[in-house]
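Remarks on the structure that follows.
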Ligand SMILES: C[S@@+](CC[C@H](N)C(=O)[O-])C[C@H]1O[C@@H](n2cnc3c(N)ncnc32)[C@H](O)[C@@H]1O
Ligand SMILES: Nc1nc2[nH]cc(C(=O)O)c2c(=O)[nH]1
Ligand code: SF4
Ligand SMILES: [Mg+2]
């Protein structure tokens, strides 16, 4: 059976981001990313610091670990990374989860296509704004969005852009106008991904959230959007595995 590079498995927790925010879920975080965003809060998946924690696991191993942590108390699994879309053989895990009647959510940045995108119940595509210092390949993103637009209507897709500054906001508007039929989320960027001072972190994040909401309220172009915090950071700060 084919193996997958897994950096961490955790939960049950709540999905802190995007279209299913608040959803009780388990997490599977894969290793490796084709990007290196300047503010990545999961850089241990790609900068070498998480190498010793990465285990090669097959789908059954992952399922056993999920059951060990969550028992019968979950029906939803979120796959994130790194970029899980680097893994062609991730379909082995997605198929097994489906067999077990588990809903599958997946987070990716929209830089790579995989055919198993069609099988994800809640697919979040999160193209990266200028502050990340990554460059969006809009040809690739166009192709991905065009393909998933024809997904079975019980499967959902959304776009989520993280915002740190005015330039990011302009980028988000461009993405919004380019894909007008895809549910669109703006997410507050966390500028301090290392602090352990949660009170100060939350104060800063709340200010940033208000700043972003004020911009959207005043904006006559961004009408059908949802503005969200990264909820888990308001609860648990920069802690890993929550
Ligand atoms: C760690 S990434 C992994 C999945 C995939 N590589 C991606 O970027 O979509 C998961 C989500 O966290 C967001 N994220 C990463 N660092 C962040 C930060 N400092 N503040 C807010 N969101 C962040 C990403 O934009 C993405 O939407
Ligand atoms: N609770 C919680 N929600 C999340 N939503 C997206 C996450 C991610 O790192 O991809 C994440 C995470 O790490 N924790
Ligand atoms: S694409 Fe996602 S995992 Fe990769 S560096 Fe950017 S935020 Fe981090
Ligand atoms: Mg995270």
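Placed from the backbone N, Cα and C atoms, the Cβ positions cover glycine too.
TrEMBL labels come from automatic prediction, so no person has curated them.
If you look up TrEMBL, you'll see 14, 15, 16, 29, 80 marked as substrate binding site. Counting only same-chain residues six or more apart in sequence, the Cβ atoms lying under 8 angstroms from the Cβ of residue 80 (substrate binding site) belong to 27, 28, 29, 30, 42, 106, 107.
Positions annotated as domain 'Radical SAM core' by TrEMBL: 20-238.
Annotated [4Fe-4S] cluster binding site per TrEMBL: 33, 37, 40, in sequence order. With a cut-off of 8 Å between CB atoms and residues at least 6 apart in sequence, the same chain places 40, 45, 46, 81, 82, 83, 86 near residue 33 ([4Fe-4S] cluster binding site), listed in sequence order.
In the structure as shown, the Cβ atom of residue 40 ([4Fe-4S] cluster binding site) sits within 10 Å of 18 other Cβ atoms. Among the features that TrEMBL reports, S-adenosyl-L-methionine binding site is placed at 39, 40, 41, 82, 126, 127, 128.
According to its DSSP assignment, residue 42 (Mg(2+) binding site) is coil. Residues or ranges marked as Mg(2+) binding site in TrEMBL: 42.
Shown in sequence order, 13, 17, 25, 27, 78, 107, 232 are the same-chain residues outside 14, 15, 16, 29, 80 whose Cβ sits within 8 Å of the Cβ centre of the substrate site.
Each of the binding-site residues 16, 82, 127 was scored by the other Cβ atoms within 10 Å of its Cβ; the lowest score goes to 16.
Calculated from their C-alpha atoms, the gap between residue 16 (substrate binding site) and residue 39 (S-adenosyl-L-methionine binding site) amounts to 18 Å.
Excluding 33, 37, 40, which define the [4Fe-4S] cluster site, the same chain contributes 35, 36, 42, 43, 45, 46, 82, 132, 134 within 8 Å (Cβ to the Cβ centroid), listed in sequence order. The average pLDDT computed for the domain 'Radical SAM core' (20-238) is 98.
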